[in-house]
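Novice: What follows is a single structure, and I will ask about it in a moment.
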Amino acid sequence: MTSLIAQWLHITQDLNSALTRQARFDTLLTTIRDVLNCDSSALLLFEDQHFKPLAINGLAKEVLGRRFSIEQHPRLEAIARAGDIVRFPSESTLPDPYDGLITNHQGKLHVHSCIGLPLLIDDQLIGAITIDALDPNQFDQLKNQELRFISALAAGGLHTALLLEQLETQASLPRESYAEKRTLSNEIIGNSQGMRTLQEQIDAVANTELSVLVMGETGVGKELVANAIHHRSDRASNNLVYLNCAALPESVAESELFGHIKGAFTGAISHRKGKFEQADGGTLFLDEVGELSLELQAKLLRALQYGDIQRVGDDRHIRVNTRIVAATNRVLHEEVKAGRFRADLYHRLSVFPLHVPPLREREEDVILLAGFFAEQVRGKLGLHSVRLSPSLVAELREYHWPGNVRELEHVIKRAAVLAKARTPQMDIELISQDFDIKTPTSPMMPTVAASQAQHEIHVDIGLKQATDAFQKQLILRALESNQGNWAATARQLELDSGNLHRLAKRLGIK
């Protein structure tokens, strides 16, 4: 015991001298590996009934992207509930959350040694450390007293790091717990430089009243950014209201935004609040704001300028305290030059512009996100584990992801379903054959050639069937040329966005 404590006291100096929070965490786990001679370890943060990996040693990188629900992982639940050191018997039948994820071991973990150290501050769980060794007798000589010492040291280090983060990034917030404002429901996954910069910008603007314009390609996660801005602000206890401007028929757009009174138009059988009023005191997220007509842009501008709105059919002005976060995949300043977007509205919305980088510029985040989605689909399919094969990891890194994060999510979920269909086992591995990511076309998007082969038009079919086949081919061709962007497709086909979505559903494209 004395020898171990002496080692740790010496190492504490290294922990305190580390320049960054991540460096401290990595040093902690390296020390655990060296002192305890384990094969893998992980430092986990506890929030929203999930364990979130902050640092890992001896585990696949995808683990950093996973969020482990304690309800779905009995070993982690035991650690969370115990309040003290947990030793799992080498013959334990409880599934291990790291099955297939230890870097020097392929496949399911059978007999092995596993210990969980809950990290407690004032008897409140803030995290945990897990330690695994492939030798089932590796930790037999290790005393609980020694493990409690490690746990206390790690708990203090984690607590200090969280407090420093709160002071650095949330100094302007009221005194609520920072964890309440930054939870899994609005978490943005990514450690790349572009995403770290984005996180810093979100933290800077969240607790202001500035309008924010979120820019980025389709599928990068603009809605998630809006969600994070709202939940890290003083408005978090009020509504976040979503409106997809691209799917808004022109005939009802004004009513959707501002509401209407009874009798304002045919079918208006009662008073109805619009999105501005629904978001009063909170945040209104205008997705695809570049799709609004010039007429509606003028009315939106007035609401932003004066802080009041008029319901359709009503002469009264209603004061609203609504913050606007808008998003677009268009280059709005180019739209202004082309006369399709009002310059004054653009300047109102883009007081604080944010750019979400495409996934092809975030190579180091691809595997984190793949792990995140693999853990999600594991829970939904009721599996013990879903892991990525080494060859697949290499392919995921090399692919350029034209559909961005949304495409990655879809292909991981599709591959998991295919893998589950191949085997009755509860532990599955996703392999390259389950993916079709060798061409620029999204794997979830049928190609034009495939559509033409399936829907070649013959003279012996009816007019409606032939018309449907032609429309389907045309929409698929436009979608492919616009990289799956529905709003751009609607413009190319000169269709109302709402009508295009309805037509696509009828034709079986959506």
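Cβ atoms are placed via backbone N, Cα and C, with glycine included.
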Novice: With Swiss-Prot as the source, identify the stretch among 6-25, 226-245, 386-405, 486-505 annotated DNA-binding region.
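Specialist: Of 6-25, 226-245, 386-405, 486-505, Swiss-Prot gives DNA-binding region for 486-505.
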Novice: Fewest other Cβ atoms within 10 Å: which of the binding-site residues GLY216, GLY219 wins that one? Let me know.
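Specialist: Among the binding-site residues GLY216, GLY219, the lowest count of other Cβ atoms within 10 Å belongs to GLY216.
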Novice: The DNA-binding region (486-505): which same-chain residues, six or more beyond its ends, come within Cβ distance under 8 Å?
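Specialist: Residues 246-250, 288, 290-291, 329-330, 471, 474-475, 478-479.
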Novice: Mind telling me which of the binding-site residues LYS222, ASP280, THR283, LEU286 has the densest Cβ neighbourhood, counting other Cβ atoms within 10 Å?
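Specialist: Of the binding-site residues LYS222, ASP280, THR283, LEU286, the highest Cβ count within 10 Å belongs to LEU286.
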Novice: Where does THR283 (ATP binding site) sit in the DSSP three-state scheme?
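Specialist: DSSP call for THR283 (ATP binding site): strand.
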Novice: For the domain 'Sigma-54 factor interaction' (188-417), would you mind checking the mean pLDDT of the predicted model?
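Specialist: When the pLDDT values over the domain 'Sigma-54 factor interaction' (188-417) are averaged, the result is 89.
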